[in-house]
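Everything below concerns the one structure shown next.
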Amino acid sequence: MSWSLLELIRNNPDSLMESLRKRNVNPQLAEKAVELDKKWRAILQEVEKLRHEHNVVSSQIPRLSPEERKKKIEEARNLLSIIEAKEKELKTIEEERDNILRTLPNVVHESVPVGPDDSYNVPIKVWGKFRVYEKDVNEFLSQVKGLNPDYEIIKFKPVGHADELEAVLKLGNTAKAGEVAGSRFYYLFEDVAWLEQALIAYALDVITSKGYSLVIPPYMLRGEVIQSVIDLDTFKDAIYKIEGEDLYLIATAEHPIAALYFKEEIEAERLPLRYVGLSPAFRKEAGAANKDLKGIFRVHQFNKVEQFIFSLPEDSWKFHEELLGNAEQIFQGLELPYRVVNIASGDLGACAAKKYDLEVWMPAQAKFREMVSCSNCTDWQAFRMKIRFVDRKKNRKGFVHTLNSTAVATTRAITAILENNQLEDGSVVIPKVLRPYLERFQRAPKDYITPRKKS
């Protein structure tokens with residue numbers, strides 16, 4: 001049964017070591033796994049030879065005299081004892097080898113730029129007309145080198161989303177949320193709350209129109225499952241655990257959707273399976289103590305629409321591009337200008353073989369901010385969750401590939417709208433594509449969100 005990491009340690013260990021070096025991961029554990037696998041295969045050959053000997057001895061027994069039969073029966077028993085001991089040794093070595101391999105990150109795809117951190121990420125395309133404050137033009141151009149962006153210079157610098165939300169529009173309150181829930185929580189009111197609902201409806205409309213099945217997943221997962229979906233040792237400070245329970249709050253709908261076929265086989269003709277999930281996302285953000293302290297860009301709880309695909313291994317790279325294309329369609333509809341970035345090897349999460357980020361230009365901050373993360377996890381999650389495909393026509397089995405992408409993370413999309421669609425009087429233009437989802441509600445805003453007195 002194919003599994004990319006196991007195939008590499010057997011057939012091309014140098015390639016695996018190179019992948020680990022690209023991620024700045026010490027290859028020592030992988031080298032141990034290579035040695036364990038060599039030992040495992042050598043013992044397996046011994047076992048197969050012993051089984052053959054046992055079969056030969058057993059086949060001779062019926063034709064022997066009673067005295068000779070007794071000797072052969074004893075010989076067969078001794079062989080079985082040796083086989084049993086060797087099989088136990090095999091299982092122990094196999095478990096040790098696989099446990100090591102489970103700690104390793106996915107194999108980096110050849111098209112991923114090599115570098116230790118996000119400064120090596122490579123912008124590969126831009127879309128839209130960028131609004132750039134006159135004093136930020138050089139900074140903007142430095143972030144889109146070689147991509148020939150279309151941009152207009154504006155004379156006023158938009159207010160940052162945090163101040164726009166709370167001081168100008170007066171439709172958010174992070175101070176009171178901080179008092180009652182802690183930092184990085186928020187209240188959203190009226191027009192901005194309606195805007196969030198429209199974003200969700202719009203994203204679901206776009207993705208389900210492409211044949212993706214809508215799912216509302218569990219908001220918690222058991223420890224065994226979450227450890228299979230993510231590298232829990234690395235991310236244990238990023239996700240919330242329920243005290244006294246073997247349950248974790250999900251950080252994205254990706255995780256429970258990935259677990260939809262936990263320890264199951266999927267008929268090959270059913271693949272690909274496309275899903276779009278709607279859920280809250282809960283994140284500790286422990287590693288971001290001093291980042292984005294104001295506003296709603298980086299918060300502990302937000303709503304998110306997530307795309308997910310289970311595919312055959314040979315098809316996963318085309319579906320990676322499909323997921324990115326879907327996300328681009330959503331942000332093009334919102335008319336939010338963005339760049340797509342190919343994430344560097346040192347900035348990839350353990351699950352992903354390759355990842356794109358879609359980053360929207362934020363004119364008040366004079367920088368691009370991540371809105372979408374789009375990953376091909378190949379068989380990294382599927383092996384850990386034991387999700388296999390069965391192709392009866394071609395008489396083959398293997399592990400499926402899993403892919404995921406944000407469709408929209410509502411709070412981040414709201415921050416992008418507040419900065420990009422802001423007028424000099426503080427009003428915010430509602431994207432035209434969202435207006436049909438607001439028209440049906442009497443109290444919802446229709447064309448603009450305008451500053452108001454705090455109630």
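These residue numbers are counts, starting from 1, taken along the chain as shown.
Here the Cβ of each residue, glycine as well, is placed from N, Cα and C on the backbone.
According to Swiss-Prot, the features are:
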type	residues	note
BINDING	T252, A253, E254, E306, T406	L-serine binding site
BINDING	R283, K284, E285, V299, E370, M371, V372, S373	ATP binding site
Checking the binding-site residues T252, E254, T406, which are within 10 Å of V372 (ATP binding site) at the Cα level?
-> T406
When you measure from the Cβ of E370 (ATP binding site), how many other Cβ atoms are you left with inside 10 Å?
-> 17
Cα within 10 Å of M371 (ATP binding site): which of the binding-site residues T252, A253, E254, E306 qualify?
-> none
Among the binding-site residues listed as R283, E285, V299, S373, within 10 angstroms of T252 (L-serine binding site) by C-alpha we get R283
When neighbour density is defined as the number of other C-beta atoms within 10 angstroms of a residue's C-beta, which of the binding-site residues E285, E306 has the lowest density?
-> E285
Give the distance between the Cα atoms of T406 (L-serine binding site) and E370 (ATP binding site), rounded to the nearest whole Å.
-> 11
What DSSP gives for V299 (ATP binding site), in three states, is coil
Show, in sequence order, which residues other than T252, A253, E254, E306, T406 on the same chain lie with their Cβ within 8 Å of the centre of the Cβ atoms of the L-serine site.
-> H255, I257, G277, S279, A281, K304, V305, Q307, F308, N404, S405
Integer Å distance between the CA atoms belonging to S373 (ATP binding site) and E306 (L-serine binding site) | 10
Comparing local Cβ density (other Cβ atoms within 10 Å) for the binding-site residues K284, M371 points to M371
Of the binding-site residues R283, E370, S373, which sits closest to E254 (L-serine binding site) by Cα distance?
-> S373
Listed ATP-binding residues R283, K284, E285, V299, E370, M371, V372, S373 - what's their greatest C-alpha to C-alpha distance in Å?
-> 19
So how far apart do the L-serine binders T252, A253, E254, E306, T406 get, largest Cα to Cα in Å?
-> 9
